[in-house]
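Copied over from TrEMBL, here are the features:
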REGION    1-22  region 'Disordered'
TRANSMEM  68-94  transmembrane segment
DOMAIN    68-540  domain 'Major facilitator superfamily (MFS) profile'
TRANSMEM  106-126  transmembrane segment
TRANSMEM  135-158  transmembrane segment
TRANSMEM  164-181  transmembrane segment
TRANSMEM  193-216  transmembrane segment
TRANSMEM  236-255  transmembrane segment
TRANSMEM  338-356  transmembrane segment
TRANSMEM  398-419  transmembrane segment
TRANSMEM  431-449  transmembrane segment
TRANSMEM  455-478  transmembrane segment
TRANSMEM  490-512  transmembrane segment
TRANSMEM  518-537  transmembrane segment
Amino acid sequence: MSAPVEQRNGESAPAPADRDSRKVAEIMLDPTQVDSNGNANGNGLGQPRTHTYSEALEIVGEGWFHTVLLFVTGLCLMSVVNETINVGFIISAAECDLGLTFADKGLVNGAAFLGVVLSSYVWGFLSDTWGRRKVLLLASTSTLVLSVLSTFSPHVWVLIGTRFLVGVCVSGNAATSYAYLAEFHGEASRAKVIAWAAMFMAIGLIFLPTLAWLIIPLEDRFELRLFGMRYAMWRIYLLVCSLELTLIIGGLSWLPESGKFLLTRGQQEKVLHILANIYRLNQGKPEHTFPVKIVRLDAMDSSYAEDFQRRSALGLRYMWEQTVPLFRPPLLRHTLKASILMFGLFAASSGLFLWVPDILNTYLQHEDMKLCDVIELMHANKTRIGKGGSDAHCPIPINANIFMITSAMGVIFLACYVLNGFIINLVGKKVLLNSWYVVCGICGVGVLWTSDFYLTLILIAAFVSSGCLGGVVSAISVDLFPTNYRAMALCLILMTGRLGAMAGSNAIAFLLTYDCDLIFILFGGLLLVCALIGATLTET
C-alpha cells in the first residue's frame, strides 16, 4: 500500500478503525507532479484529488480504445458460437470421409457443447483469480490450436474428442468476455455495449452458413492433400472458421488487463498507467496530462475486493459454498424454473439448428413432401447404403442453397435480438418471454401438418428463433436471486442451457431414426411447457 496522504485543511484524520474498515485501494502515480490544469484536482496545496475508478473512466471517455475493445470482446463471444455450431455445416460433407451415422452426427454436434458445460465454472474461477485478459488469451490460443488439429481428424472419434476439447477451451471466452468489457465502462454505457457485444453471436449465425456457402461447394473443383490425406473442403471450412481467433489473440495482445481487476489485486500503479494510455488513445492528449493522480475502488467494488480475497483463499470451496444454497429453499424453485426455461430453449433452438443443414440437403430434393416424410426417406437411403445397396455413392452432393437458407435464419435471429431490445420494456420481460415460447412451440408442432416447402421453412425458422430468448431468461433470472448469488446462479443456468443443446442434438439423432414426428411434438411441446413455467415466475 502507498504511504498515507495528508488530510485536507480543516478535516480531522479518520480513526484507525475507520481506515481499516474502508480497505480502499488508493494509489499515486507521482505525488510531486502538479496537474497541468493547475490546482483544479487538488486542495490548493498541490495535493492531488482522489478519484474513484468510475470517475476516472468518465474522464478517460469513450473513443478508439473502446471501439477496439468492443470488437475484440464481440469476436470472443462470436468464437463461442462459431466453435460450437460450425460442425453442423460439415456433417453432410464429412459423412463419407468419416463414415458418419446419425448417432455419430449427434455426438459430433454435441461434443463442443459438453466441453463448454463441464468447464464453465472453472473458467469463471480462473477469471477471478488470474485476470480477465490472461484467461481470454489462454482460452483463445488453446482453442485455435485444438480447432486446427481437429481439421486433420482421420476418424470420427478423433473429431469428437478434439471438438470436445475445443468446447472446453472456448468456454473461457464465454465466461470472461462480458466481465472484461464491462469493467472498462461506467454505469451509463455498460448495458449498451454489452447488448452490442451480444449481437456478435447473432452475427456468427450469419457468418457460419455464408462461409460454408463460399467454401464447401468447391469440393468438385479442388483436390488438396496434406500429410498424405485428402484435405477436403469441410476441413478447410473448419480451419477458416478458427482464423478469427488470430484476430482475437492479436487484439488481446494489444489490450491491457482490466483496471478494476488490478485494483482488487493491489496493483495500483499499473492501473494509472493503463488509464493514462486509454486517455491518450481516446482524447489524443499526452499521458502526462491525464488529470487523475490517485484512484480508488468504488464503495461497492471495495466490498467486492474483500469478497475476492475470500474467494482466493477458499479456492474451489468458494464455488461449492455459492452453489449449495441455490439447491435449497427458498432459492431451489427459482433455480429449477430458470434452468428448465434455459434448457428448453437451447434444446429446441440449438439442438435442431445443428441439424438443419443436413436435413435441408435432402429436403431440397423433395420440396413437395412433408419434412418428416423426407427424413424417413433419408433414413431409408442410409440404411440401404449401409447394407451395400446399389445407390450408395460418395461424396454426397451438397446443395449450396442450404447455406443461404440457414444464413437467412441467422438474419432472423439478429432481427429478433433487435426486436426484443425495443419491446422488452414496453410489454415486460415475462410477457415477452411467455409469448415467444407459445409462438415458437406452436410453430414447431405446426411443421407436422404442412407439405408446402416455404411455409415449412418459415415454421422451422420461427421454431429455432426461440434461441433469442436466452438474454430474456438471463434478465429475468437476475431478479430471481439475491445479489450475492446472482453470478453463480447465472453461470449454472447458462450451463444447463448448453447441456440442453447437447441433449437436444443427440435426442434428435435418435428420433431421426425412430420417429421424426416426435422431434416436433416433444420439442414444440417442451416450449409450451416452458411458457407455463414462465407464467409462474415471481421475483424475490
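Quick reminder: no glycine exception, Cβ is built from N, Cα and C everywhere.
The largest share of C-beta pairs under 8 angstroms with the transmembrane segment (135-158) comes from 106-126, of the ranges 106-126, 455-478, 518-537. A Cβ distance under 8 Å defines the sequence-distant neighbours of the transmembrane segment (518-537), meaning residues of its chain 6+ beyond its ends; these are 334, 337-338, 340-341, 344-345, 347-348, 351-352, 372, 430, 433-434, 437-438, 440-448, 463, 466, 476, 480, 504, 507-508, 511-512. In terms of C-beta pairs under 8 Å, the stretch of 68-94, 236-255, 338-356 lying closest in packing to the transmembrane segment (431-449) is 338-356. Note on the transmembrane segment (490-512): residues 84, 102-103, 105-107, 109-111, 113-114, 116-117, 120-121, 124, 174-175, 323, 326, 335, 338-339, 342-352, 354-355, 375, 378-379, 470, 473-474, 477-478, 518-519, 522-523 of its chain, located 6 or more positions outside it, place their CB under 8 angstroms from a CB of the stretch. Taking residue pairs at least 6 apart in sequence, the transmembrane segment (68-94) and the transmembrane segment (236-255) share three or more C-beta contacts under 8 angstroms. Stretch with the largest number of CB pairs closer than 8 A to the transmembrane segment (455-478), among 68-94, 106-126, 164-181, 193-216, 398-419: 398-419. The stretch in closest packing with the transmembrane segment (164-181), judged by the count of Cβ pairs under 8 Å and taken from 68-94, 106-126, 193-216, is 106-126. Of the candidate ranges 68-94, 106-126, 193-216, 193-216 contributes the most Cβ pairs within a distance under 8 Å of the transmembrane segment (398-419). Listed by sequence, the residues of this chain that lie at least six past the ends of the transmembrane segment (106-126) yet keep a Cβ under 8 A from its Cβ atoms are 80, 83-84, 87-88, 91, 100, 135, 139, 156, 159-161, 163-172, 174-176, 311, 315-316, 318-319, 350, 354-355, 487, 491, 494-495, 498-499, 501-503, 505-510. Tertiary proximity for the transmembrane segment (68-94) is limited to same-chain residues at least six positions away from its ends with a CB under 8 Å from its CB atoms, namely 100, 105, 108-109, 111-113, 116, 136, 140, 143, 147, 159, 163, 166-167, 170-171, 173-174, 176-178, 180-181, 184, 193, 196-201, 203-205, 207-209, 212, 216, 219, 232-234, 237-238, 241-242, 244-245, 247-248, 251-252, 254-255, 350, 353-358, 361, 395-396, 398, 403, 406, 498, 501. If you take every residue in the domain 'Major facilitator superfamily (MFS) profile' (68-540) and average the pLDDT, you get 87.
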